[in-house]
Each structure stands twice: as structure tokens, then as C-alpha cells.
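Chemist: Heads up, here are the entries from TrEMBL:
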type	residues	note
DOMAIN	A:1-47	domain 'TFIID subunit TAF5 NTD2'
COMPBIAS	A:94-105	compositional bias 'Acidic residues'
REGION	A:94-148	region 'Disordered'
COMPBIAS	A:117-128	compositional bias 'Basic and acidic residues'
REPEAT	A:176-217	repeat 'WD'
REPEAT	A:249-284	repeat 'WD'
REPEAT	A:291-322	repeat 'WD'
REPEAT	A:333-374	repeat 'WD'
REPEAT	A:375-408	repeat 'WD'
Amino acid sequence: MKGNETMLDFRTSKFVLRISRDSYQLLKRHLQEKQNNQIWNIVQEHLYIDIFDGMPRSKQQIDAMVGSLAGEAKREANKSKVFFGLLKEPEIEVPLDDEDEEGENEEGKPKKKKPKKDSIGSKSKKQDPNAPPQNRIPLPELKDSDKLDKIMNMKETTKRVRLGPDCLPSICFYTFLNAYQGLTAVDVTDDSSLIAGGFADSTVRVWSVTPKKLRSVKQAADLSLIDKESDDVLERIMDEKTASELKILYGHSGPVYGASFSPDRNYLLSSSEDGTVRLWSLQTFTCLVGYKGHNYPVWDTQFSPYGYYFVSGGHDRVARLWATDHYQPLRIFAGHLADVNCTRFHPNSNYVATGSADRTVRLWDVLNGNCVRIFTGHKGPIHSLTFSPNGRFLATGATDGRVLLWDIGHGLMVGELKGHTDTVCSLRFSRDGEILASGFASLSHDSRVSPDIYVDFSGETA
Amino acid sequence: MAEEKKLKLSNTVLPSESMKVVAESMGIAQIQEETCQLLTDEVSYRIKEIAQDALKFMHMGKRQKLTTSDIDYALKLKNVEPLYGFHAQEFIPFRFASGGGRELYFYEEKEVDLSDIINTPLPRVPLDVCLKAHWLSIEGCQPAIPENPPPAPKEQQKAEATEPLKSAKPGQEEDGPLKGKGQGAAPADGKGKEKKAPPLLEGAPLRLKPRSIHELSVEQQLYYKEITEACVGSCEAKRAEALQSIATDPGLYQMLPRFSTFISEGVRVNVVQNNLALLIYLMRMVKALMDNPTLYLEKYVHELIPAVMTCIVSRQLCLRPDVDNHWALRDFAARLVAQICKHFSTTTNNIQSRITKTFTKSWVDEKTPWTTRYGSIAGLAELGHDVIKTLILPRLQQEGERIRSVLDGPVLSNIDRIGADHVQSLLLKHCAPVLAKLRLPPDNQDAYRAEFGSLGPLLCSHVVKARAQAALQAQQVNRTTLTITQPRPTLTLSQAPQPGPRTPGLLKVPGSIALPVQTLVSARAAAPPQPSPPPTKFIVMSSSSASSTQQGRAKEAPLPILLQPLPHPLPPPHLEAVPSVGGNRKLGIAPLQLQGLQKLTAPSPPDLAPLSLRLNAVAHLPVFSLHPGVRRQEPRCGRWSPRSRSHSNHPGEWPT
């Protein structure tokens with residue numbers, strides 16, 4: 001025993017314990033109050049306490065956050081401030097709204113006015129303390145159609161029933177039949193009117209799920225005949241003969257791994273194995289631009305919530321920020337050690353989150369291209385990401401079957417959702433942020449279910 | 001252990017012999033061992049790298065199976081030319097050959113005749129991708145439509161039926177937040193009952209039927225109505241669809257009590273009416289229910305067995321016994337009973353031994369008419385070879401004499417003659433294969449005559465035939481033979497007293513199974529005051545509901561009570577709602593449907609006041625009408641599975 005080096009090592013070395021300053025203060029105070037000198041001596045003799053400033057973590061959090069491919073993220077990496085608040089909504093006059101509702105139902109008038117005022121007021125009047133300055137990132141001007149959309153959105157918000165454990169949503173489930181394992185990407189527009197699917201046979205298909213069919217604009221020769229002064233010019237430019245429920249977009253030369261609608265529903269982005277991101281017009285159903293730069297398969301792409309910008313990430317281990325009118329990327333977010341599997345914009349458009357095969361999730365500042373957060377903890381490649389609608393949380397899913405919830409403010413994990421046994425392929429929050437839906441690919445369980453499970457939360461009362 | 005395996009896998013390298021073989025195939029004869037080693041390491045690394053990249057493509061394609069195209073894309077990443085034409089039909093396209101001490105795997109490439117390919121008709125064009133919407137959840141409650149998984153999986157149903165105490169709690173907890181309609185109520189109530197009467201738990205699992213108010217949604221009510229109408233209606237195509245729906249739909253769990261009552265009441269009424277067609281339809285319904293892989297019928301077996309048994313052993317099943325083929329119904333029902341025994345007989349409920357006992361009793365009885373005799377034998381024979389061996393073969397001689405006395409003796413009644421004839425062919429059909437197995441080949445007419453009496457010679461020739469078709473027969477026998485595990489036939493014959501309070505229950509229930517048949521059959525002959533032949537449909541209703549209560553009580557009360565005509569309960573308040581239904585044929589059935597539709601409660605408990613049930617129903621309905629029509633519309637369309645499925649625009653859209 002005496003000569004054993006291992007024993008000697010155990011006796012003389014101190015055990016290193018990382019502990020937050022708050023926790024350490026509490027421990028010290030507790031021991032002093034109880035006059036528990038013996039324990040204090042043991043602590044002094046055998047433990048080396050490494051004190052750090054910041055949020056104390058629970059054991060669960062520590063367990064969940066260790067074990068990334070490149071080790072746990074350094075504390076310094078997550079120190080910079082992140083403006084995770086939402087941008088101020090533009091002031092929109094909604095007189096139209098009021099009239100509509102009065103016409104619709106008179107009895108509900110007094111009741112409905114109140115919540116609407118609240119929701120609009122809270123958004124527009126008060127500036128969120130965590131929100132970035134309004135012009136931190138130049139955003140496109142609002143068009144008239146955008147304003148109309150916003151008004152519709154607000155109207156729906158006021159009617160929406162708040163979801164919760166007592167009030168579960170109605171879910172409409174869309175199944176892609178006869179896809180023969182070929183479906184690789186899916187996106188749904190914000191108003192649930194269009195669904196786009198990217199397929200392994202290089203096509204992108206767009207379906208209309210409302211009775212309104214998809215029509216393309218007339219040919220140039222026919223367009224010149226139209227009276228441009230007429231009121232229904234927007235209706236006249238559409239070619240009735242092309243109306244159909246499904247439009248197929250040809251152009252890629254490899255499986256389409258990412259698809260994203262623009263918020264105004266005029267464009268569609270798709271990213272493919274062939275290394276390009278393509279921008280499609282949903283007016284003419286043709287390809288407008290092919291953005292080349294990745295050179296390797298592009299795994300994911302997404303439009304900014306305000307349009308104009310979009311982000312893509314691929315096998316070349318970088319994520320790129322593009323603007324639709326530039327053929328070269330505006331920013332290149334480099335830092336991941338392996339493929340960037342998924343990319344998502346923060347709801348305020350100032351940040352981009354990327355999930356990678358190196359098992360980390362990074363948050364990048366769009367303004368200067370810096371990495372402002374590194375979330376470690378997943379035990380497998382990240383395959384899905386989503387921000388909560390209030391911008392405060394980030395949910396990530398990986399091949400380890402876990403869904404982790406992160407608080408962007410302090411960069412710590414706040415929750416772990418277990419239940420999946422395999423890769424979590426898709427994640428979506430409900431519009432009010434109360435419910436998180438997750439989908440995973442499963443051949444064995446039910447071959448009818450398409451790999452992407454998309455959930456449309458139609459929580460509003462009709 | 002698993003880690004070790006993983007470690008091994010990650011350290012795997014190709015054997016250096018492979019390098020030599022490859023080199024040889026390239027024309028390089030002499031290659032150094034050291035070179036081989038280096039090459040092995042390099043090639044193994046490259047292969048793993050490609051496999052890793054291919055895996056990425058698999059994951060991004062949201063698949064769980066690596067395809068050849070994934071490998072192609074991975075090769076493309078590395079700027080390697082992909083392997084062209086490597087799309088084999090088989091999973092492993094290599095063939096193995098050995099010779100001269102060497103083992104070789106090769107890729108089989110057959111010569112292809114182009115004219116063959118040109119001349120073969122084109123394969124069907126695969127269906128295009130399409131979108132289909134259905135409701136996964138309506139306000140947090142999953143509608144029971146074929147697209148969704150069944151609300152209560154079979155295992156859970158089984159757990160509820162067999163281990164109510166264990167499953168009661170989790171069932172409650174699970175269903176509570178889901179607002180499952182009546183789903184959690186059944187086990188919970190079963191549990192409540194157990195608390196009150198713990199001694200009943202032993203040996204009486206048949207009593208654990210749901211005793212709660214079941215609510216069916218409007219769609220379910222409509223479905224029930226349409227299905228039951230189609231099942232007993234006149235359109236055969238509709239019936240086939242309805243039966244297919246019963247046999248395949250996953251969401252029928254909630255409606256099981258209703259279907260079960262529908263069948264048992266329907267049989268009760270139609271046996272009296274001698275309506276063979278309807279009885280056949282009802283038996284087909286039982287078969288469809290049994291075939292549904294998502295249903296566990298244990299809780300309803302007590303209602304189904306008497307109905308099926310009735311169709312086997314009833315004295316008369318059709319109006320013209322000499323012409324109609326009621327024998328087929330008996331055979332069919334006998335197979336059903338055998339199937340029930342196979343699925344649900346356990347050491348606790350002893351279904352098989354009780355059924356065997358019932359059959360034997362009526363067969364042994366001298367006065368049993370030929371029809372019942374036929375049914376009993378068919379029922380026994382379907383139970384398998386062991387039952388035939390121990391119960392039928394010893395009685396062959398006796399039975400043969402009886403048959404001969406009818407066939408050879410003076411013609412007293414044509415019906416008896418036909419009956420005896422059928423019994424004879426039935427015995428020959430079932431006994432021959434068994435005898436062929438039991439006895440050694442030299443088949444001697446005299447030996448058979450000595451052992452089996454007058455049936456001997458015929459049996460002998462049948463056995464010879466059976467042996468001749470041995471191979472074919474063996475397959476068929478294997479198919480129909482049931483493995484009888486626990487209730488050994490010897491046990492069923494001996495009147496061994498069962499310990500404790502189980503004895504009356506055991507002896508009684510077969511009685512109550514057989515009894516409704518007898519009362520109903522005798523009702524025709526002696527016309528007792530209660531189930532008299534119906535002058536109007538209302539009386540059919542009341543008599544059926546009365547007898548249902550009678551039977552409901554019969555299971556709990558001792559035997560004597562069963563024989564007393566019970567006072568009629570409350571006159572059903574919905575009688576006036578019965579529309580006039582013309583025709584004799586539908587007499588019994590039409591009111592029953594209405595009953596099922598209006599009575600929104602479990603049919604089994606006899607002591608529920610019908611008035612409160614009605615109130616319940618009324619209180620329940622408006623809830624649905626408040627819902628926006630659009631939202632309810634779609635699931636309902638989806639529910640119309642049999643027709644909409646087969647006539648939809650995309651017939652082959654569900655890959656099986």
C-alpha cells in the first residue's frame with residue numbers, strides 16, 4: 001500500500017470540481033452555519049474547487065451537455081450578448097379589420113376587441129429589451145401584399161385558441177403517397193396553402209392544398225395585350241389554362257435536400273446534391289437563379305422570416321448567407337468541423353443557427369458573421385432545428401433520438417425531450433409556441449407515413 | 001459486449017489475400033506481402049470513408065436503408081467515377097463457387113436477349129406521387145380511421161381483458177388527458193367491480209365485461225348503422241365490403257360491444273324465425289370480427305359463443321330442412337367455434353372443455369334430432385384430431401347402428417333420412433384422416449367392421465382413399481388441425497368436481513349457453529307465454545330484450561333463476577321511435593339496429609335505466625352539431641373506408 005504510486009496519487013492529488021460562484025457561496029454559508037468543520041476540512045484537503053461565474057447547472061444539464069465530438073463548449077464561447085428578442089412590428093392601420101368583424105358577428109364585437117388591442121399593443125408599443133436595434137440588419141421594405149398578410153395574420157391570432165395540455169390542437173396530416181422513399185425535403189407556407197416537396201429524382205413539386213389552383217403568368221405576347229390600367233390586372237395576367245393542383249419544377253441534377261418558401265409565397269428555394277441552391281418563381285413556375293458556391297451537396301436552405309436573405313449549409317462544412325439579388329454569398333459562416341446539416345433563421349432575422357454532423361449547434365451573428373453560441377450535448381449528428389416563435393429558445397433534434405431545448409440568452413440547455421428512438425428529422429413549434437411537434441423517419445413502424453411529418457396547427461376557431 | 005463488437009468492426013481491415021486476388025485479376029502475379037499490407041490499410045480506409053459519406057446521404061434522404069445510389073453519390077463526392085449499372089434486383093448479387101480448394105464469389109452476368117426484352121409487355125406505369133390529407137388529431141383526440149393507428153392496440157385490449165387489475169391504472173392515466181371517449185372507462189369500471197366482489201375474480205373472467213356508459217361519436221353511430229345494415233341487407237357486394245371493413249378496420253374497438261350484441265340478439269331472433277340467410281350473414285360477421293387483427297374479442301366471447309353454438313346445434317335453422325343447405329352453416333359455425341377455442345381457451349375459462357362437454361352431452365342423448373347430432377359431431381370434429389380420437393371414434397359403432405337403422409329401415413321421415421345421411425358422410429369425412437394416421441396400412445374391411453360396426457366397410461374405403469391422397473391430405477389436415485394444449489379431452493369427460501366456488505360457474509355456463517337455444521326452439525313447439533311468435537315487430541323487440549336480460553342475469557344468478565321468466569324491465573321508451581318495417585325477413589333486425597343506435601350505452605348491463613341512457617344520448621349529440629361542419633366532414637369521409645378505398649382515384653396508393 002505504501003509504495004503504490006496509484007494510492008499515493010489518490011492521497012495527494014485533489015479532485016477538481018467545477019462549481020458556480022452562487023453554488024459555492026451557498027455551500028460555504030451552509031457549512032459555516034452548521035459549524036460543520038470536519039466536512040469543511042475534507043473539502044479543503046481533498047477538493048480543488050474551480051469556481052466560475054454564471055448560471056449554476058443541474059446535474060442533468062451537465063450530463064446532457066458533455067460529450068460532444070470536440071468536447072464541451074468553452075464558457076467564453078457563449079458569453080457574448082445575443083439579441084434574441086423579436087423586432088418591433090411595423091405599425092399597420094387596421095381599420096379594415098374592425099369593419100369586417102362588425103359585419104361578421106355583432107355579438108362577439110365587445111369581446112373580440114379587447115384581446116386584439118392587447119396583442120397588437122404589446123407587440124408594437126413596447127420595445128422588447130432583448131430585441132436588436134430595428135436597423136441592425138437592413139430589411140426589405142414592406143409591400144402592400146405583405147401588409148395585407150400581416151393583417152390577416154393578426155386577425156387569425158386574435159381568434160386563435162391558446163393551446164395547452166387542456167386544449168390540444170387539431171392536426172391535419174398530409175401523406176405523400178407513392179413517393180417510394182423518394183421524398184427528401186418538405187416545406188409548408190405559413191398560411192398552409194402550399195406544400196413543396198423535394199424528391200430524390202431531382203424534382204421539386206409544389207401542391208396547392210386549398211381549392212385555389214396553381215396558375216402561372218401568361219406568356220409575354222399575351223401579357224402585352226392586357227389592359228394595364230384595369231383593376232383586376234393581377235387576375236388577368238394569370239393563365240387559366242395552366243391551373244392545376246400540382247406543379248413540378250425541373251432543374252436540379254441530384255436529390256433535393258432542402259426546400260423553403262419565401263414569406264410572401266412568391267418564391268421557393270431548393271438545395272440539392274448538385275451543389276446549387278435554386279430560386280424558383282411561383283408566378284411562372286420556372287427557375288430564376290441558381291446560386292453556386294457550395295460545390296458539394298447542399299443539405300439545407302431557408303429563407304429569412306423577412307424575405308430577401310436566405311441561408312444554406314452543406315457538405316463543405318460552411319453555412320452561407322445569401323441575398324436573392326446577389327449571385328455570391330454575403331457571409332460565410334465557417335467553424336463547423338463536419339457537414340452543416342440544417343440551417344435556420346432566428347425569428348428576428350439577425351441570427352442564424354446551424355446544426356452539424358460534428359454534433360454541435362452554432363448560432364451565428366448575421367451582422368458580422370461571428371459565432372456567438374455553441375451548444376454541445378447531442379450524441380449524434382444534428383438533423384433538425386427550430387426556433388421558438390418568441391425567439392428565446394432553440395430546439396434541436398439529432399440522430400441520438402433526443403430533442404434538446406436551449407435558452408439562447410444564457411446558452412444553457414433547459415430541457416431534454418425523450419421518446420424518439422431514432423433520428424429526429426423535423427421539428428416545428430406551434431404558432432403560439434406552446435407545442436413542439438417532432439417527426440422521425442421510420443421504415444419499420446409505418447411505411448405509409450412520409451419521412452417528413454409536417455403538422456399544420458389550425459388552432460383557430462372557425 | 002456490444003462495445004467490443006463495435007471496436008472490432010472499426011478495426012476491421014480487408015484480408016491481404018484479397019489484395020493478391022485483385023492484383024492477380026489485374027495481371028500482376030508477384031506482389032510483396034508488405035505491399036499487400038499497405039494496400040489493405042489504404043483500401044479499408046477508403047471504403048470506410050465512402051461508407052461514412054454514403055450514410056450521410058441515407059440520413060439526409062430520411063431513409064433507414066442504404067441504397068446503391070447513396071454509394072454513388074458518396075463516390076461522386078470523392079471525385080470517383082460511380083459504379084455504373086450496379087442496380088441489382090437481389091440484395092446480394094454475388095454467387096458463390098468453390099473448387100480446387102479455393103472459394104470464389106462472382107457476379108453473375110447472364111447474356112440478355114434483347115428481343116426478349118423488346119417483346120415483353122411494358123410493366124405498369126408506377127403511380128405518381130400524390131398528397132392525401134387526414135385528421136391525425138381533432139382537438140387532441142385521435143379519430144379512429146384506417147389511416148391512424150388503432151386507438152387501443154390489441155395487446156392493451158388483451159391486458160384489459162385478462163389482467164384487469166394490472167391494466168386498470170395505466171389505462172386510466174393514459175386515457176384521462178386524451179379525453180378518450182369511454183376508452184378508459186371500461187377497465188376502470190371493471191376494477192371498481194372487482195373491489196366490491198373480490199371472490200368473484202377467480203375463475204370468472206367472463207364477467208369482466210364493460211359496465212360503463214359507452215359513448216359513440218356520430219360517425220361511429222353512422223358507421224355502425226351502415227355496416228350492420230349492409231351485413232344483413234340484400235346486396236351481396238355491399239355485404240362483402242362491410243365484412244371486409246369489419247375484418248380490417250382498426251378503429252372498431254369502441255363498437256365491439258354493439259356488434260357483439262347485434263350478433264347474439266340477431267341469432268336469437270332469427271333462430272326462432274328459421275331465417276337461414278340471416279344466420280349465415282351473422283356468422284360471417286363473427287368470422288370477420290375474429291379475423292380483424294386489431295381486435296381482442298375475449299370480453300365478448302360470452303356473447304358470441306352462445307350465438308355460434310346455436311347455429312351449430314339448433315334443431316332447425318331453416319324453413320325447409322329437407323331442401324335448404326343448413327349443413328353448411330353448421331360446418332361454418334363449427335369452424336368458428338374451433339377458432340374461438342384456439343384463440344381464447346385458457347386454463348381459467350376452460351372454454352374448450354366446456355364446449356366439448358356441451359357437444360358430447362347433446363350427442364350422447366338418444367332423443368337428439370339428427371340436425372343437432374350433426375352439429376355436435378361437426379363441432380367436436382373441428383376441434384382437432386385428438387378430440388376425434390378420444391370422443392368420436394369410440395362412439396362410431398353405436399352411431400353407425402343408428403344411421404343404419406334409419407337408412408335401411410322403413411322410411412319414417414325423409415328429413416331423418418337426409419340427416420342420417422349427412423351425419424354419415426360427416427363422420428366418414430372427419431374420421432378417415434384420423435384413422436389413416438392411427439392405423440397401420442393394411443386396411444381390412446372385416447377388421448374395420450369388427451371395430452366400427454356397420455360403418456366399418458365405408459370407413460375402410462375412405463381410409464384407403466385418404467392414404468392415397470396422403471400428401472395432399474396431410475397439408476389440409478395440418479391446416480385444420482388445432483393444437484390442443486391444456487384442456488385435455490379426458491378431463492372434459494370425467495365429471496371431476498372443481499374445487500371451491502368455481503364448480504357452479506363451470507357447470508352452469510355451458511348450460512346457459514345451450515339454454516337459449518332450447519328455450520327458443522321449444523318456443524316454437526310449446527309456445528310459452530313470453531317469447532311467443534311475434535305478431536308485430538314490437539313484440540320481437542321486447543322479447544329479445546327480455547331474453548337478453550334473462551341471459552345477462554343468467555351469468556350471475558344460480559341456475560334456477562334462469563328458468564323463471566323474468567318480469568319485463570322498463571318498457572323501452574324508444575319503442576315508439578321504431579319505424580314500420582315491412583317484410584318478414586327484416587323483422588328481427590331492423591329494431592335491433594335502432595336499439596343499438598339510440599341506446600348509447602353498453603348493452604350488457606341489465607340494470608341500467610333506459611331513460612337515463614336516452615338523456616345521455618341527447619345531451620351528447622348537440623356537442624357535435626356545434627362543431628364546424630368542415631372540420632367534421634373530412635374524417636367522416638375517411639371513415640367510409642371500404643367503398644372510398646376501393647373506388648378512390650388512386651387505387652394502388654397504399655403499398656402493402
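Note: Cβ is positioned from N, Cα and C throughout, glycine not excepted.
The structure displayed is predicted, hence computed values, not measured ones.
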Chemist: Output the single range from A:176-217, A:249-284, A:291-322 maximising the number of Cβ pairs under 8 Å to the repeat 'WD' (A:333-374).
Modeler: A:291-322
Chemist: So, by DSSP, how many helix, strand and coil residues make up the domain 'TFIID subunit TAF5 NTD2' (A:1-47)?
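Modeler: Helix/strand/coil tally for the domain 'TFIID subunit TAF5 NTD2' (A:1-47): 31 helix, 7 strand, 9 coil.
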Chemist: For the repeat 'WD' (A:375-408), report the average pLDDT of the model, please.
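Modeler: The predicted confidence over the repeat 'WD' (A:375-408), as a mean pLDDT, is 89.
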Chemist: Are there residues at least six beyond either end of the repeat 'WD' (A:176-217) with Cβ under 8 Å to its Cβ atoms? List them, or say none.
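Modeler: Residues 149, 152-153, 223, 237-240, 242-261, 263, 265, 268, 270, 272, 274, 280, 282-285, 426, 448, 450-452, 454, 456, 458.
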Chemist: Could you give the residue numbers and ranges of same-chain residues that sit at least 6 residues beyond the repeat 'WD' (A:291-322) on either side and whose C-beta is under 8 angstroms from one of its C-beta atoms?
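Modeler: Answer is 137, 139-140, 254, 257-264, 267, 269-279, 328-334, 336-345, 347-349, 352, 354, 356, 364, 366, 369.
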Chemist: For the repeat 'WD' (A:333-374), DSSP counts of helix, strand and coil?
Modeler: 0 helix, 24 strand, 18 coil
Chemist: Residue counts in helix (H, G, I), strand (E, B) and coil for the repeat 'WD' (A:291-322), per DSSP?
Modeler: 0 helix, 19 strand, 13 coil
